[in-house]
Every structure is written in C-alpha cells, then in structure tokens.
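> Pulled these from TrEMBL:
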TRANSMEM  338-354  transmembrane segment
TRANSMEM  361-381  transmembrane segment
TRANSMEM  441-458  transmembrane segment
TRANSMEM  470-498  transmembrane segment
TRANSMEM  860-879  transmembrane segment
TRANSMEM  886-906  transmembrane segment
TRANSMEM  912-936  transmembrane segment
TRANSMEM  957-979  transmembrane segment
TRANSMEM  991-1015  transmembrane segment
Amino acid sequence: MRRLIAHALRARVGIAVLVLLGLTVGASALPRAPYDVLPDFVPPQVTVQTEAPGLDPGQVEQLVTRPIEAALNGAQGLATMRSQSIAGLSVVTLDFLDGSDPYRVRQGVAEQLADALPQLPAGVGAPRLSPLTSATMDVLKLGLVSERLSPMALRDYADRVLKPALLAVPGAARVTVFGGEVREVAVAVRPERLLAYRLGVGDVLDALRRALAAHGAGYIESGAQRLEVRVPLPSGAAALAATPLAVRGARPLTIGDVADVRVAPAPLYGDALIMGRPGILLTVSGQYGANTLAVTRALEARLAELAPGMRARGMLLYPALHRPASFILAALGNLRDALLLGAAFVAAVLLLFLRDWRAALVSFAAIPLSLLAAAPLLVWAGVSLNVMTLGGFAVALGVLVDDAIIDVENILRRLRAAGDAPEPRTRLAVVLEASLEIRGAMVYATVVVLLVFVPVLLQSGVTGRFIAPLAWAFILSVLASLAVAVVVTPALAALLLARGAPRAEPRWLARLRAAQAAAIARLAHRPWRALALLLAAFAVVAASALRVPAQLLPDFRESHFVIQVSARQPGMARAEMLRLGETLSARLRALPQVATVEEQIGRSELGEDTWTVDRGELHVELKHDPSIDQTAAQAAIRRVLQDFPSLQSEVVTFIGDRLSETLTGETTQVAVQLYGDDLDALDRAARQARAALAAVPGVVDLQSGAGTRAPGYRLQPDMAALTAYGVDPQWPATLLAAATLGLPAGDLYAGDRTVPVVLRLALPPQHVAAELERQLVPTAADGYVPFARLAALLPEDARAQIRHQGGRRYAVVGFDVQGRGIDAVIADARAALARAGLPAGVDVAFGGVGAEQQAAARRLWLASAATLVLIVLVLASAFRERRHAALVLLNLPFALLGALAALLLSRQPLSIGAAVGLVTVFGISARNAILLLAHYEQLETETGARLDLALAQRGAAERLVPVLMTALVAALGLLPLALGLGRAGYEIEAPLAIVVLGGLITSTALSLLLLPALAARWLGARG
C-alpha cells in the first residue's frame, strides 16, 4: 500500500491528466449507454404456440398440449411450465432458472419439440416459438382509424405496409395486429346447387386444392436454349370460380356454378377499438436486451416517413397510445435532477467545512470518478442504466465522497500539525503518512459496508432480478471510490493542497467541538441510562413497525393503466363486447385525467394472449400532467367500471400487470391456484373460493376466469346410422367445419399478396345449427340422407379453457389488494379458504406478488443472519479486542431506530426500497463506528495511554468533521429523492432515501456522542 501511494504521489501530474481524460471520455460515453426504466426482471422464458383449428379445449389439451408438455418436460434449466388450452389454440410457457442463456434454452426447446411433432393430429399447425422479447415487452402501441377506408383495406395496409416497416426497425421483435378484417377468398358453396348436380362438398374441396396446387413443369430444350415452362395458378376470385369441377351430361361445370367465390373477411379471433372507434391496434414488442429509448425513436422516425402516405389515404394515426419511453425519460430525468441537486448540496457541504476550494475539489472529484468507473462496468455486464442502477448510485453518494473526505480532512489536519512542529517535513511525506495511517481502517469499514449488501445480492426470483442491479451499482461505485481514495485523492491533494497553507478551522467548528466534549462528559458518567432509554425507544418503534404493511414493489407513476375485462357470463358475442367497449371507452375518455383509451378484444393470430372474444384489455393513458394524482385516477376508473355489472374487471399499472404475469401468468397481484384432476371439482372449488375471498377486507378486482363454461354445442355422431348408410364417420365433423370455421383449400397469389382460400357452406349465420341438420348427405347407395339422421348437435355448456401448471390441471382465482398490507390480506385469505370446505382432492397454493414477497422476506432474513456472522468475523480481524466489535454491532438498533421512525412518520409501506434503505443505514453507521474505534486504537498507540474520557473526547473531536461531513453529504445527496415522493422514477428510491435519512440522524448522534462515552467507560475499563 505504501509503495502504491508513494508512486501515485510521484506521478501526481500524470494522474491529474488521466483524471481529466477519464472524466471527458466517460461523460461523452454516457449518452450512448443503454437506458431503460427497470432491469430485465423476467426470467429466461419460452412460449410455444400451436394452432389447432376446430378442436375444443378438451381436445386441444389431450391431443396437442399434453404431447408438447411431455416432450419439453425435463428441459435443461426448466423452472416452471404452465399451459393454456382453449378452442383452437395451445400455449405452453416455460420459465427457466436464473442465469440460463436465453438463446441456448430456445435452441433446446426447438430441438425437443421435434419429438412432439409426430404425435400431433393432422390439421394442427406446427408449434411456433414466440420471439424473444424484453421484460416489459411493449415498446409502442399505435392505432389506425379511417372514415374513408373499409376495415379490410385498413387491415391490408397494417399487414402489408405498416407491420413490415416496423419489424424492419432494429430492436423490434414482433408486431401484433388487432382489429379490422383479414382478407380471404371465400368459396360459399350452395347446398341446393350441390344437390341439383349430385355433387358433394368433398368434390368442390378436391377441385379447389387441385387448382391451387403449385406444379413445376420443368423446361424445354430448344437448340442452344433451355426454356423454363411456367404453369400459372389462379390469380383471383374470378379465375378460381372458372375452375372446372365436373361434367354433367354435355355440360362442363365450374366451381362458380355451385358456389359464390368472392373476397370476404375471415372469421375474427378478436377486434380493436381506438378511442372508442373500430380500428387497427398495433403493438410493437422490443427484442431481448434492446435499448427501449433507441428503438422507440427509430420506430417514430419510421412512422414519420409513412405519415404522409397514411394521411393521403384518409387514415388517422394515433402514434403513442402507450409509449413506455415517456415514463423512462420522465423517471430518469427526475433521478438525474435529484443526483445533480444532491451533488450540488455535497459541494456546498464540502466548501462549508473545509473552507478551501482546492480541498473541496479533491474530495468532490471522487463522485464523478467513481460513478464513471462503475457505469461502464455495469453496461459491459449487460445491465442497463435504469431506475435501480441510478438509485444505487444515489445511495452510494455519501460513501463515495466519504473515502475522499476522510483522506483530505486527515491530510489537512496533519499539514496543520506539521506546520507547528519544530522539525519541518516535506508536504509529500506528510501526505503519504496521513494517507497511510487511516488506510487499514477504511478498507475494513468498506468491507463491512459491502457485506451488508450480500443479502440483497442473494435474493433470487423476481425480487433478486429487480434489486441486484441496485446492489451492484452501489458495490462497484464504492469499490471504485476506494481505488480513487488510494491513488487519485493523495495525488490530487499533493498537487493542489501544496500550493497554499491550510486554513485554520472556523470558530463555529471549535464551539461545536466544545459542545461535543461536554455532552460526551455528561454521557460518560451514566452511559447505561442513555443506552437503556434508546433501546426502549427502539423496542417501541420496532413493535410499531411490525404493523407497517409490506409491499414488494410500489405502484409506478407511469401514467398508464391496464384494465382487464371479461364477461361475467362466458360466451358473450364479439359484437356485444364491442358495444360495451364503445360505451366504456366513452365514459373513460370523459374523465379529466385521461388522454387516450384503446381496447383489444379477444386475441390476435399467434399473439401473446390466449383469450376468447368475451375477454378484453383496455389501455388508458393519462395526461402528462405532474399534478395528476394517479391513485385518484385509478379510483375514478374503478368507479366507472362499477357501472358495467356484466363485466368483471381489474385496474393495474402496466408494470404491475407485467410483473404479475411473469410470476403466475395472471394479471392480478395474488393468484389462488387450485390444483386437481377433476375439472368439475375445480369448477366448484373456484366458485367457493371466489365467494369466500369476496368477504376478505382489502380484496378488490376479484377474478375467476379459469374453470368457467361457455354455452355451445356438442356434435354427437350416430355410428350405427353412419354404418348403415355407408357414410364416412368423419363426414359429419367435416360438414360441420365447412358450416362454421370453413375448410382451408390453399392460397391465392396475387402479386406480392398471399390470400387464403376457404370453403364454406352458404348457410344463414343466425341459423347454422338448424340449417345444417336439414342438409342432405350423399350415401354409398347414391342416395341422400338428412344430416340430422347421422349426427345431432346438442346444446352444451362447454369449458372455455383448461390450464396446467407443472403438467397438472389447475384453476385460478385472482385478486388485487387495496387499503391493507398484502401479507395480512393473504393470511386472511388462507383462513377464509380453510373455512370454505373446498372439494376433496383439490390442493390450494398462493402465487403472485404476495407469495414472492413472503419468499423474499424469508430469504432476506436468512441471508442477513449469515451476513451478520461474516461482519463479526471481519470486525474480529479488524480490532484487537472483542469489545470493539460489540460496540460496532451496537449501531444496528440505533441506526434502525431512526430509519423505522422515518418509515412510520412518512406512512410508507415496507417496500423493496425501504428494505434496501435499512441495509444501507446499518452499513453507513457501522463504517463510522469502525473508523472511530480504529482512531482510538491509533491514539492509544501514539500516546501509549489507555483510552480514558480525555482521549475519547479527543478522538471524537478529531472525527467530528469527517463524520458530520459524511452524514450531511449522504443526507443532502438523498434529500431530493426523499422530497420527490410520488414522482415518476422515485417510486423505489424515495422510500429508500427517507429510511436512510432517518437512520443517519440517530446513527450520527450515536457515533459522535454516545459511542465515545461508551468507549471511554467500557474500553477504558479493560485489562
């Protein structure tokens, strides 16, 4: 250490130049760093989607989902697997362990899916892996409406122009399109014409498939040339209608003779409303690891290029129905302002105490140097600069400058002493000795500060992914500050402080030292009385703090709400959902806080959501007005929803929605998971659970979509009749598909457009079931038999979806929490379910944010206990006697006294930010105690005397300035964050700052007054 510092002092000019160069390069690189609002809190995840047209949920479960689950179960690193089987679609979601390479797990899943393909039935699409996206997924939501264009033309533009243009933007992973009408060529077969020409649906389908099949005709050699032969395919509906079908007598028949062939809209999986009007909704998802701000700017630049063309076509573009970049900019901007204001306060404190701009500059330089050294390391490790990393930097401000303060203050004090000494010494020698004499204690103090963050780093799951960046930002910046204190601070001190004699201390500081000495003397007579009073106060405050509601994450002030709505009675038609959506949208837009409203109903083809048309999701963007109370806006939205009794709903922030979906696949904060094999028993359990939970105080937005049934039909073939008439047993199902979904026949290619061709029976839409039963089916004896004699369509309440978790069936009843702590609500919910008498064979588990919060608390307590043991071991090696370590540990209750009192006074819940604040407070207070007690050991060595009251007063007086400066620097650095409670970007940092400020008050008083008195009595009485 001596050699390193001595070398730095000799090279002080070169180090100063390198410092200026580093500051310039670092500051110029910061604008190009990746920025985001939150760290990537979603575990490596793969979603497998498989289209199964015509299959009901039970068939999808047995024929599609289970084979895929069996093939993927046991995948390397697999943590959880859940699935949803709905009519025509299977979705299997796999979450992998933290640390898994997302690209490798996707490759493994793709390889294992090959085992499932041979087991899937004919007609089922190939399983597809959804794109790898960022944690929050959405980068931009935009809407299109038009009075001039038809819904089909609008959808054509979205699919053929807008979607490809947006997907071409670097960083865009997927564009999901809702709404409009998807173009297809419908071949509407007239049953009476088929009967007249003695043809069947199969004859028309075969003719269509032959006409649409592409054939290579090869080539013809002609002299020195080879001529390719092209076989054209039908290029439009008219050409397809002219396709030969059969010959009856002397007359050739075409498809147009028995069917109406025209371009028509395909059946819709969902729809969209933009500001209450039917339109097109496009959701752009960002790629994994993409810079949200950069992608958003690139998307907006592409939209600006397309805007003139859209206006010319009569389209109205809503370019920012949801723009997460706005929240990112607001949050990071507020944090940036807080950091700059805090830095200004730090500079003022340094000037006030040191009264020397050179000394203040040397001390202040530690902040930008440490932060600019830590930030590139975080970016290199793949961590974006987000709310959590900037929060870590903000918390570290006091510690960063503390190393330099201690160095500079000690150097100034030694320079003053050297000026009065009879034997003058060179300034370099004084700087070297002053830097060395406190170096060992600073290293131990820094180690303890870093150790207190070990419990934070040991967190796993979503909690760990949220707070680990904050901890790493703190740790890296503190380590950088230690390096700066060892190399840069002595060099700059020797370069700058040597230019003038150190100034004498101000008189107010001398008076403060005198008051401190008097207080220590009074406390030293009866220190145990003060100690007992403080411990009693801590016990009272700690007991009160146990009643503080816990909250894993706060509600982020993103000015955007997600409203999940679903029909209370499943089976609501799309038209009715649209009608309700238009009314609801108008009511929401009438609220003074609301800027835009859009709704997606049902699902998009291969979109993330697996919803039927009786479920929707509204996104409500608030006006960007800082005076808007987000809590009041949420309450107003809930009041509007109460006027729609046919819908069940919940209102959450977008980030809260994504967090809940990450934990359980649900959108609610708490998910009560009911496991069992009997679906009917799960249905009963879900109804009982919903009724029991409705009476629990604090439960809002109760949801129970899983396990519900929707009205429908069941096809019941008469196998005896089918055999007697010689009809293929598959024919009733084929005819039913032709009457409803349609039978895919192939694709038409017109220019660069591909249009699917679908055969359908031309039956009245409102009377399909009755008309189908009257249809005549050809028999083996060239006769005809009514469909009703071969099969029956029986009304039946069909299950809407079947869900699996870990391969086991389960149902979910979810709810949000309001007005109470989530832990207390979950405890009451458990008790209510225990009294509900759920069916035998049904197991209950709790998931979601509440379960994650409880698990995180257990992990934090266990890790904190282990870390405390490590701190004791470090203290034992730092000091010669155990009593020193005991005095350092005595900081814990006194630091927590102020921290918990501040939490109670601010009426904030015990959130993740507050918990990290408690950890930080103990680290800072332990650091001050270590440095004071190490200084006492040094004084004992210098004087050869045992510690007594006079020596305790002297050591405390010499530590007064650095302790006060450190406390004020940390407090004023965090003050802008604490005062910003309720602003965007401060959701986690503001409670953290409040807790640290409260802890600094009590821990600073302990370090300057009570700890010296206790040391004089306890350490002075030893051996």
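Each residue, glycine too, has its Cβ placed from N, Cα and C.
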> Taking the transmembrane segment (957-979) as the first stretch and the transmembrane segment (470-498) as the second, find out whether 3 or more Cβ pairs fall under 8 Å, excluding pairs closer than 6 in sequence.
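These two stretches do not touch.
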> Take a look at 338-354, 361-381, 441-458, 470-498, 991-1015 and tell me which one has the most Cβ pairs under 8 Å to the transmembrane segment (912-936).
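Out of the listed stretches, 991-1015 contacts the transmembrane segment (912-936) most.
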> With the transmembrane segment (470-498) as the reference, find which of 338-354, 361-381, 441-458 contributes the most Cβ pairs under 8 Å.
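Out of the listed stretches, 361-381 contacts the transmembrane segment (470-498) most.
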> Can you tell me which recorded stretch out of 361-381, 886-906, 991-1015 has the most Cβ pairs within less than 8 Å of the transmembrane segment (338-354)?
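Most Cβ pairs under 8 Å with the transmembrane segment (338-354) come from 361-381.
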> Excluding the flanking five residues on each side, which residues at least 6 beyond the ends of the transmembrane segment (991-1015) place their CB within less than 8 Å of a CB in that stretch?
391, 394-395, 516, 519-520, 523-524, 527, 530-531, 534, 554, 887, 890-891, 894-903, 905-906, 908-909, 911, 913-914, 916-918, 920-922, 924-925, 928-929, 932-933, 936, 947, 952-953, 955-956, 959-960, 963-964, 967, 970-971, 974-975, 977-978, 981
